[in-house]
Amino acid sequence: MRIVIGSFTAFLLLLLQNSNAEIPGCDFFDTVDISKAPRFSNGSYLYEGLLIPAHLTAEYDYKLLADDSKEKVASHVRGCACHLRPCIRFCCPQYQKMQKSKCYGDMSEDELNKHDPFVNVTLSDGSVVRRHFKEDLIVQSDLAKPGCPRMYFLNHELPGNEFTLFENGSLLRHWDKVELSKREYCVQHLSFKDDSIRIAPHFCPLSSEHSRTWKTVAIVISLICIILTISVYLYVEKLRNLHGKCFICYLASLFLGYFFLVLNVWKYSSGFCVTAGFLGYFSVIAAFFWLSVISLTLWNSFSGNSSWLNRFLPQNRFLSYNLYAWGMALLLTAITYIADQVVKNEKLRPRVGVGKNCWIYTGDMTVMIYFYGPMLLIIVFNITMFVLTAFRIMKVKKEAQNFTQQQKTTNRLNSDKQTYALFLRLFIIMGLSWSLEIISFLLSKNQAWAKAFMVADYFNWSQGTVIFLLFVLRPSTLKLLKERIKGGRDEAGASDEHISLQNTKIDPSVF
């Protein structure tokens, strides 16, 4: 019995000893290693000119990681310095630079002479003071870095990159109003393009952001599927009617948009960043205008030869559609470019290529003016045209019941309805995908919603794959492709489901 009681007492003493090894009321990330600092007889330490009393010191045999797990290390004394003076939490040793999330050797004498050692610190009363990182603050450089292999940094001189560093050590990121603790960020000296060296905050990608690798995989598969779809439509003559040609132009625009997006993901377009941003913008906007062309031509096809649109279109309609789609995309790109050059208010500029992001800036609501706004208007237009076309089909079907050549008209109508249904599915997929993209942007500041829309983002990057499944891997297209490979001609009777609206108009007498 005595052995049991003795063992239990020893266990309690061990727990008590371990609990006393931590400084009461002091977070590990508010401490510094003071093992090498002078110690006085009363148990206090003098660290970097700061006297740390004995009750704010303790012996630790671990270090705390960013995820609050403990890593065993040699026993050492730590002091709660950040309760006595504001601290600044470095990623690396205090005189090293950081590049691509990695620490490099100490700065040279020339670099030390030209680097900016000051940071703005916001005090508890809201006032902002300029502080020297070494002389006025306690440097913490032995804490574990945030738990991610790749970190982003903020350049406060760029719009959308502003931040506030508080005296309690937390950092407020302005663009999404998120306050980061010292577990979630660190600062380090960084070389910038203007040859300056400044202290910049570094932090992990948002938890809702996607793996660059998986994002690339989704986009590259989409690009391959788009190429395959274009190839099939160019190879099979029957598919190269008016709708097929418009569809090919849509796919070409979409391909270029995704191509510049994947270049931006891997920073391959950094050498021509602004140009790549505008080319990507032009391509995506052009894809939307081509989608509007498809919805308009479908509506016109079911409206008969008496359609008012026919009076304004020349004989070569495909040329007119090219002038419209590419021309409108070019016009919006030109407006965006001019606004980027002449608008003085940073919050109203498109800011293409800002912050090494070779795309239009999406950090605030300005993107609604230049990108998502026009996109939304075209989506509304497409919805209108598809609804009008659906009503027209129902009217034609009803009138065709009393038509003298009922069988012929019904067959033609069924074929055209299949074409309409096919492109309607395309619009639903594309319209839904980009609508979710807009909603995702509007809710991006909310972490919970941002995570929920991760699936929508992957769906958006996989549009080319969905199109390939929808338009190529369908029985009618595969049948036409098989006959074309065998050397057969794409006669009208080859398939009952192929796109049939090239030269076909529903007889106006039906209406």
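Positions of Cβ are set from backbone N, Cα and C atoms, glycine also.
Annotated signal peptide per Swiss-Prot: 1-21, in sequence order, evidence recorded as sequence analysis.
Summarising the annotation, Swiss-Prot assigns topological domain 'Extracellular' to 22-215 (among others) and lists sequence analysis as the type of evidence.
For CYS26 (disulfide bond), the same-chain residues 6+ apart in sequence whose C-beta sits under 8 angstroms from its C-beta are LEU56, CYS80, HIS83. Annotated disulfide bond per Swiss-Prot: CYS26-CYS80 (among others), in sequence order.
Around the Cβ of ASN42 (N-linked glycosylation site), the number of neighbouring Cβ atoms within 10 Å comes to 7. For ASN42 (among others), the entry in Swiss-Prot reads N-linked glycosylation site.
Under DSSP, CYS87 (disulfide bond) is assigned to a strand (E or B) in the three-state scheme. Taken from Swiss-Prot, the feature disulfide bond covers CYS82-CYS87 (among others).
The disulfide bond annotation in Swiss-Prot covers CYS91-CYS186 (among others) and rests on similarity to another entry. In the three-state DSSP scheme, CYS186 (disulfide bond) falls into the strand class. Shown in sequence order, ARG89, PHE90, CYS91, LEU143, LYS145, PRO146, PRO201, HIS202 are the residues of the chain, 6+ apart in sequence, with a C-beta less than 8 angstroms from the C-beta of CYS186 (disulfide bond).
If you draw a 10 Å sphere around the CB of CYS92 (disulfide bond), it holds 20 other CB atoms from the protein chains shown. Positions annotated as disulfide bond by Swiss-Prot: CYS92-CYS103 (among others).
A simple way to gauge crowding: the CB of ASN120 (N-linked glycosylation site) has 12 other CB atoms within 10 angstroms, across all the protein chains here. The N-linked glycosylation site annotation in Swiss-Prot covers ASN120 (among others) and rests on sequence analysis.
Per Swiss-Prot, disulfide bond is recorded for CYS148-CYS204 (among others), and the stated evidence type is similarity to another entry. In the three-state DSSP scheme, CYS148 (disulfide bond) is classed as coil.
Swiss-Prot lists ASN168 (among others) with the feature N-linked glycosylation site. Neighbour count (other Cβ atoms within 10 Å of the Cβ, all protein chains): 16 for ASN168 (N-linked glycosylation site).
If you look up Swiss-Prot, you'll see 216-236 (among others) marked as transmembrane segment.
The topological domain 'Cytoplasmic' feature in Swiss-Prot is assigned to 237-245 (among others).
Taken from Swiss-Prot, the feature transmembrane segment covers 246-266 (among others).
For 267-273 (among others), the entry in Swiss-Prot reads topological domain 'Extracellular', with the evidence type sequence analysis.
Here Swiss-Prot flags 274-294 (among others) as transmembrane segment, drawing on sequence analysis.
Swiss-Prot lists 295-317 (among others) with the feature topological domain 'Cytoplasmic'.
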| request: Could you tell me which of these disulfide-bonded residues, CYS82, CYS103, CYS204, has the fewest other Cβ atoms within 10 Å of its Cβ? | output: CYS103
| Is the topological domain 'Extracellular' (339-366) packed against any residues at least 6 beyond its ends, judged by a Cβ distance under 8 Å, and which are they? | 155, 158-161, 175, 260-261, 263-264, 267, 269-270, 273-274, 276-278, 280-281, 441
| task | With a Cβ cut-off under 8 Å, give me the same-chain residues at least six positions beyond the ends of the transmembrane segment (216-236) that come close to it. | result | 244, 247-248, 251-252, 254-255, 258-259, 261-262, 265-266, 458, 461-465, 467-468, 471-472, 477, 480-481, 484, 490
| Where does CYS103 (disulfide bond) sit in the DSSP three-state scheme? | strand
| field | Best-contacting stretch, by C-beta pairs under 8 Å, relative to the transmembrane segment (274-294) and drawn from 246-266, 318-338, 367-387, 423-443, 453-473 | value | 246-266
| field | Model confidence over the topological domain 'Cytoplasmic' (474-511) (mean pLDDT, whole number) | value | 58
| task | Might you list, by sequence position, any residue in that chain lying six or more from CYS87 (disulfide bond) with a Cβ less than 8 Å away from its Cβ? | result | ASP30, VAL32, ALA81, LEU137, ILE138, VAL139, GLN140, GLY169, LYS182
